[in-house]
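Features reported for this protein in TrEMBL:
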type	residues	note
ACT_SITE	D102	active site, proton acceptor
BINDING	D6, C7, G8, N9, S10, F11, I12, K13, T125	ATP binding site
BINDING	Y93, G100, L101, D102, R103, T181	substrate binding site
BINDING	D122	K(+) binding site
Amino acid sequence: MILELDCGNSFIKWRVLDSDSASASAEGVVGSDLALIESLVALPGLLLTRCRLVSVRALEETSKLVTALYETFGVAVSCAAPAREMAGVRNGYEDFERLGLDRWLAMLGGFKLARGACLVLDFGTAATADFITADGEHLGGFICPGMPLMRSQLRTHTRKIRYDDAAAERALEYLSPGRTTVEAVERGCTLMLRGFVLTQLELARSYWGDDFTVFLTGGDADLVSDAVPQARLVPDLVFVGLAMACPLS
Ligand SMILES: Nc1ncnc2c1ncn2[C@@H]1O[C@H](COP(=O)(O)OP(=O)(O)O)[C@@H](O)[C@H]1O
Ligand SMILES: CC(C)(COP(=O)(O)O)[C@@H](O)C(=O)NCCC(=O)O
Ligand SMILES: [K+]
């Protein structure tokens, strides 16, 4: 069985593939290395043969996790690394190693699925947009605060914005003007994300007309999907790219 990990700034997304790689036999989202190991240990009949991982965390933090996986499961870990070019996509950053690896893998996955120009939008701790032309040239992208960061900035820098997760979830059933603090903040931040999406779409249209594919991924992709009915919602887009960047044979 193959373990796949996507270590973002807030959460580790994991899944276990059967050895034929065809289907995920288990998956989850956890907040720490320890919680990951616990979830995996609790799986009946787990026999890991390989592991591939992408991380946007500090090298030291990632190394710790790699060591813990080796010590617990005896599994060697293959980590995605930056590249100037891969699978027909050319990294557009001045310094290719500085492009977030989750962005890079989502781009590889998107370009493979679209077989043409694409706009890849990822809604995690940060919200990111990346533009790839039909011949695989990465034009660059944009980074702005995602939902978790917008919330926590408001909370940290005001005296009176405080509410719990359950209230936050209820507040997002509608997007009409808020009549409580939680509604005003949750809906306001959601509209910021949607505004971000619409601006990226406008730019993509100015480059490619209607001839491009939009991908939505990341934990908060659902919050914006209504605003882009033509988009492909692909929650595991980073994992699609991870398999391309870390082939295991
Ligand atoms: N099952 C889930 N577990 C945890 N967070 C989730 C889940 N579904 C959606 N989210 C939301 O996704 C966001 C984090 O997205 P994610 O792509 O995991 O971020 P990152 O890659 O930066 O760690 C949070 O705002 C969180 O509330
Ligand atoms: C932009 C990001 C913070 C997004 O991280 P995430 O929200 O997925 O945790 C990450 O891709 C990153 O650290 N990138 C390096 C900076 C860059 O891409 O320019
Ligand atoms: K991510």
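Placed from the backbone N, Cα and C atoms, the Cβ positions cover glycine too.
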- [ ] Measure between the Cα atoms of every pair in Y93, G100, L101, D102, R103, T181, the residues the record assigns to substrate, and report the largest value in Å, rounded to a whole number.
- [x] 40
- [ ] Please check each of the binding-site residues G8, S10, Y93, L101, T125, T181 and report the ones with a CB atom less than 6 Å from an atom of ligand 1, ordered along the sequence.
- [x] G8, S10, T125
- [ ] Enumerate in sequence order the recorded positions D6, I12, G100, D102, T125 whose Cβ-atom distance to ligand 2 is under 6 angstroms.
- [x] G100, D102, T125
- [ ] Starting from the Cβ of T181 (substrate binding site), draw a 10 Å sphere and report how many other Cβ atoms land inside it.
- [x] 16
Task: Max pairwise CA distance, angstrom, over record-listed ATP binders D6, C7, G8, N9, S10, F11, I12, K13, T125 - done: 13
Open item on the list: Taking only same-chain residues 6+ apart in sequence, whose CB is under 8 Å from that of G100 (substrate binding site), what do you get?
Closed with: V56, T128
Open item on the list: Return the count of C-beta atoms lying within 10 angstroms of the C-beta of G8 (ATP binding site), excluding that atom itself.
Closed with: 22
Open item on the list: Tell me which of the binding-site residues Y93, D122, T181 ends up closest to D6 (ATP binding site) in space, Cα to Cα.
Closed with: D122
Open item on the list: Excluding near sequence neighbours, so keeping only residues 6 or more apart in the same chain, what lies with its CB under 8 A of T125 (ATP binding site)?
Closed with: G8, N9, S10, G146, P148, L149
TODO: Check the recorded positions I12, Y93, L101, D102, T181 for any whose Cβ is under 6 angstroms from an atom of ligand 3, and report them in sequence order.
DONE: D102
Open item on the list: Cα-Cα, whole number of Å: T181 (substrate binding site) versus D122 (K(+) binding site)?
Closed with: 27
- [ ] Check the Cα-Cα distances from I12 (ATP binding site) to the recorded positions Y93, L101, D102, R103, D122 and tell me which is shortest.
- [x] D102
Task: Pairwise CA distance, L101 (substrate binding site) versus D122 (K(+) binding site), rounded so that it is a whole Å - done: 12
